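The block underneath contains the structure these notes are about, expressed in structure tokens.
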Amino acid sequence: ATCAGQDKPCKETCDCCGERGECVCGLSYEGKYRCICRQGTFLIAWYKLASCKK
């Protein structure tokens, strides 16, 4: 999946602020699709991921 405004497609797996999860495209509060982290049905907000230092 590729999110609008993203240079790269969402990865299948990623480090979600230290928690393992699946990166998926999701609708943010801005009304834009962003890469977000999903762990089962639990979503970690994209802005929290963006604030994580890689």
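A Cβ is built for glycine as well, from the same backbone N, Cα and C atoms used for every other residue.
Taken from Swiss-Prot, the feature disulfide bond applies to Cys3-Cys17 (among others).
The feature disulfide bond is assigned by Swiss-Prot to Cys10-Cys23 (among others).
Residues annotated as disulfide bond in Swiss-Prot, with a curator's inference given as evidence: Cys14-Cys52 (among others).
According to DSSP, Cys37 (disulfide bond) is assigned to a strand segment. Under the heading disulfide bond, Swiss-Prot lists Cys16-Cys37 (among others).
Sequence annotations record features per position, and here Swiss-Prot assigns disulfide bond to Cys25-Cys35 (among others).
Note: the CA-CA distance between Cys23 (disulfide bond) and Cys37 (disulfide bond) rounds to 4 Å. In this structure, Cys25 (disulfide bond) is part of a beta strand by DSSP.
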